[in-house]
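Q: I'd like to ask you about the structure that follows.
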């Protein structure tokens, strides 16, 4: 069987890089990976991680999801414009008090996270429909299902992504085209590290002192604990995404972190929204010390589990 052509966006670092390398180094050589990024000058890390797969099962191309011409040029360079699997991964983040974010920055984020996906799908879907086959995989977020305090605009972009895909999936299935949303929670990447470093240095003079203090003293501190305790690696997300790609019947939604399943369930348990709103309010403003203690306990348990796994591997167990 001929290898599947997989086009991935946002491969200069993080999830995109990890997924491109994972697929390109597949032992069964089931994939031909076209790893794209806005600036190919930032491809050194990908090339180094790909190793001998570069030029064999992995090819690096330029693609800017905010530029229709760039998307078209990339697809035109692929023989027959044939893409079996599109992985829409490129994205940007934003966190902080709403009053401190410029409208231009918000529009830029939406242009990348939402309209970038729309541009890609508009370009690949007609070919997939004609062939009556294909798979569109979208790296979404748990924040596309549940808004998180101080992530207003980022969450809005992921809600838009989820609504777009949910509306499109039925039509796509008519043409034997699958759509899958991969929904990670916190992921420890350069993307997240940079986002929080910028948040710590930002100017909060455009909001009131109380809101600024809630963000800098509560939110940023708790976020560090959340990422340290519950965060996954890009390689974890790559493995989850591989499972979605190779599934005989790909799921529409796939959450990568079971710790967030109760949160999604809580929202659907009460259509009025009162239950989830009250729960989050109490976690942030009343029981934040309990939250931090619980997260640190989870971190300890995860560390112990990793030690047990490492010991089992040394003894020859899998």
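Using N, Cα and C of the backbone, Cβ positions are placed for all residues, glycine too.
Checked TrEMBL, it gives:
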DOMAIN    4-190  domain 'Ketoreductase'
BINDING   10-38, 64, 158  NADP(+) binding site
BINDING   141  substrate binding site
ACT_SITE  154  active site, proton acceptor
Q: Between residue 26 (NADP(+) binding site) and residue 154 (active site, proton acceptor), what is the CA-CA distance rounded to a whole number of Å?
A: 33
Q: Would you count the other CB atoms within 10 A of the CB of residue 22 (NADP(+) binding site), including those on all shown protein chains?
A: 19
Q: Any idea what the Cα distance is from residue 18 (NADP(+) binding site) over to residue 141 (substrate binding site), rounded to a whole Å?
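A: Counting only the Cα atoms, the answer is 17 Å.
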Q: Within the chain of residue 14 (NADP(+) binding site), which residues six or more apart in sequence place their C-beta under 8 angstroms from its C-beta?
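A: In sequence order, 187, 189, 190, 191, 234 meet the Cβ cut-off.
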Q: Below 8 Å Cβ to Cβ and six or more residues apart, same chain only. Which residues does that give for residue 10 (NADP(+) binding site)?
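A: Expected: 16, 36, 37, 65, 89, 90, 91.
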Q: Identify, among the binding-site residues 30, 38, the residue whose Cβ has the fewest other Cβ atoms within 10 Å in this structure.
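A: Each of the binding-site residues 30, 38 was scored; lowest Cβ tally within 10 Å is 30.
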Q: Calculate the per-residue pLDDT averaged over the domain 'Ketoreductase' (4-190) and state the result as an integer.
A: 96
